[in-house]
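Asker: Quick one: this structure, given as structure tokens, is what I'll be asking you about.
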Amino acid sequence: MNPFQKNESKETLFSPVSIEDVPPRPPSPPKKPSPKICGSNYPLSIAFIVVNEFCERFSYYGMKAVLILYFLYFLHWNEDTSTSIYHAFSSLCYFTPILGAAIADSWLGKFKTIIYLSLVYVLGHVIKSLGALPILGGQVVHTVLSLVGLSLIALGTGGIKPCVAAFGGDQFEEKHAEERTRYFSVFYLSINAGSLISTFITPMLRGDVQCFGEDCYALAFGVPGLLMVIALAVFAMGSKIYNKPPPEGNIVAQVFKCIWFAISNRFKNRSGDIPKRQHWLDWAAEKYPKQLIMDVKALTRVLFLYIPLPMFWALLDQQGSRWTLQAIRMNGNLGFFVLQPDQMQVLNPLLVLIFIPLFDFVIYRLVSKCGINFSSLRKMAVGMILACLAFAVAAAVEIKINEMTPAQPGPQEVFLQVLNLADDDVKVTVVGNENNSLLIESIKSFQKTPRYSKLHLKTKSQNFHFHLKYHNLSLYTEHSVQEKNWYSLVIREDGNSISSMMVKDTESKTINGMTTVRFVNTLHKDVNISLSKDTSLNVGEDYGVSAYRTVQRGEYPAVHCRTEDKNFSLNLGLLDFGAAYLFVITNNTNEGLQAWKTEDIPANKMSIAWQLPQYALVTAGEVMFSVTGLEFSYSQAPSSMKSVLQAAWLLTIAVGNIIVLVVAQFSGLVQWAEFILFSCLLLVICLIFSIMGYYYVPVKTEDMQGPGDKQIPHIQGNMINLETKKTKL
């Protein structure tokens, strides 16, 4: 960029003189025609840009698909903290585009901005992947690496977001406007293709591949990182054939300065002797040209309608957080395919690709033929209502899941089950007046207790005395318990008599929908059990009890086991979603070594398919709200303000994510009540938005095009046309 262009750009942006006083540019040297694709009018350079966008979107959405489960299972944060950090990251991704646009328009230009911030993007992925390696440090190291990596990723993805599509538009000559329009369609398709494929594949890398004996988050983050490296390499390969316009000034900064000057000037001239002006922005007339002030006036009318919009994004963006957390407590077995909880997010890009042509070519046309004036603001209001209904359905699903979930022990309560591993019936009684017999009938040998029994405590911790009747023997035993915990009273043979041991289950039980197993070894030798290639555990001899281990859902017909002098296999059968299993290894004289199986916690019963209605409703709402909202707002503002509108639109998404963060962290509501809260809040916002839309008078396009439009500063250049084309997406 030569100094003359830089100085001219500053004069155009900030000089108080009229635009007509700006000196004319010197004639530009003739440009060398860029190579075309197969003799068409499409520049070869856009091929590199489209491939770059596909890889970058694969990288971003693939990483984000498994992010909430990474927080929950790997970093061991609770659901509220995981949700808060997830939406803090999402919000940051929509704040940083303003920074990226400012850097590109005022300093480096689009090409260098994309290159430099892509390097930051790649570095973020590398750090994030390192933070997912269990062997690298402890909890604090993993947390620090994860947060640093996510911050760099947010800066990278947000910074290049406003530059890549615009840079692609710069590759076209003005006479090829039709080809440029088709390019944006292909560009939009690459975004959805990258999102669709990555959201389906990355959860498989996480769940179907084992690393260090657990889900392979390092691979699930590493593959998207590799795709970002490919995106950067492909983009850099086209460097020599790109059309690289120099930075020409940031219209967003110009608008902010105009508004600030108007406010400060009005404050300085608040004396009653000074005549009032028709509009508060007219107080900027001393410094800024009339055309800019008129454009900002039109802009503020649209921005006023943006005030209620963040609430919609607060609901829409919970698909990757709260809805995924809901899915982990559901059964992903669809019969023909087993879905991972985080794979349900693939429904959104898939349904978007289906609904956009369905609404444009079928539904909207049918409504029009019925004589209904389905204006843009009405479409947006209907989109909000559909999102409300989606969260009402999500709340109903959540309530049904809770009904199928075992109850939790409350204050001064414990849940106790009895496992009789002796060779005959045992009668168990709790000594005391407050707790009667655990079971009305005796517990048969190796009989699964129908349910946990609730015991009431007098204090937070208490010693219980149990009376055991076995054959002609009457035994008393004492065990200590603490409130709000689950326990198993294991009764075993001890020569001609029996003995008991109390096993605490609370900290080891299945959490958040994971499948877990534990073993009791009745043999007189230690047993090593290989649950998978990377997962094994040792169970001590003579009724040793292992801790719970998480495993993948699936069939386990032949689990390899060994003692010091023997190898054997155990058939564990189907280990289903959300269940906690207890296996007792026994040596049956007739059948050899076997595993007696019982469920501590039953498997998830509600199918994950019940989430389909809420995904369909919220995606339909997104199509009606998002696509229509951008189209409407762009039609209501002058062409010079398109980039400002885009920045404001992204800011509404950022604010929406902050709303979720605040509610998740401070509401303290149970999940179904939180869903109802969001649904009701959006319904109220929809009512307010409808009232605002009722009194809004739409501006016709021809009304915004006056003589001044021909005098728009040259700093806008192709960016105006480019942004206009982007609105059609």
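Including glycine, each Cβ sits where the backbone N, Cα and C put it.
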Asker: Would you please say which range out of 143-164, 605-626 has the annotation transmembrane segment in TrEMBL?
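Answerer: Transmembrane segment, as annotated by TrEMBL, spans 143-164.
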Asker: Should the transmembrane segment (116-137) and the transmembrane segment (675-697) be scored as in contact, given a threshold of at least 3 Cβ pairs under 8 Å and pairs 6 or more apart?
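Answerer: No; fewer than 3 Cβ pairs under 8 Å.
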Asker: Given a Cβ distance threshold of under 8 angstroms, which distant residues of the chain, six or more beyond its ends, lie next to the transmembrane segment (298-316)?
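Answerer: Long-range Cβ neighbours of the transmembrane segment (298-316): 255, 281, 377, 383-384, 387-388, 390-391, 618, 621-622, 625, 629, 633, 636-638, 641, 644-645, 648-649, 652-653, 655-660, 663, 678-679, 681-682, 685-686, 688-689, 692-693, 696, 699, 704.
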Asker: When you scan the chain for residues with a C-beta under 8 Å from the transmembrane segment (647-669), skipping those not six or more beyond its ends, what do you find?
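Answerer: Residues 80-81, 83-84, 87-88, 90-95, 97-98, 101, 161-162, 252, 303, 306, 309-314, 316-318, 321-322, 629-630, 633, 677-678.
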Asker: Considering pairs 6 or more residues apart, do the transmembrane segment (185-205) and the transmembrane segment (346-367) have at least three CB pairs under 8 Å?
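Answerer: Stretch pair touches.
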Asker: Can you work out which residues elsewhere in the same chain, 6+ from the ends of the transmembrane segment (84-104), have a Cβ less than 8 Å from its Cβ atoms?
Answerer: 64, 67-68, 71, 77, 110, 113, 117, 147, 150-151, 153-155, 157-163, 247, 250, 252-253, 317, 320-321, 643, 647, 650-651, 653-655, 657-658, 660-661, 664-665
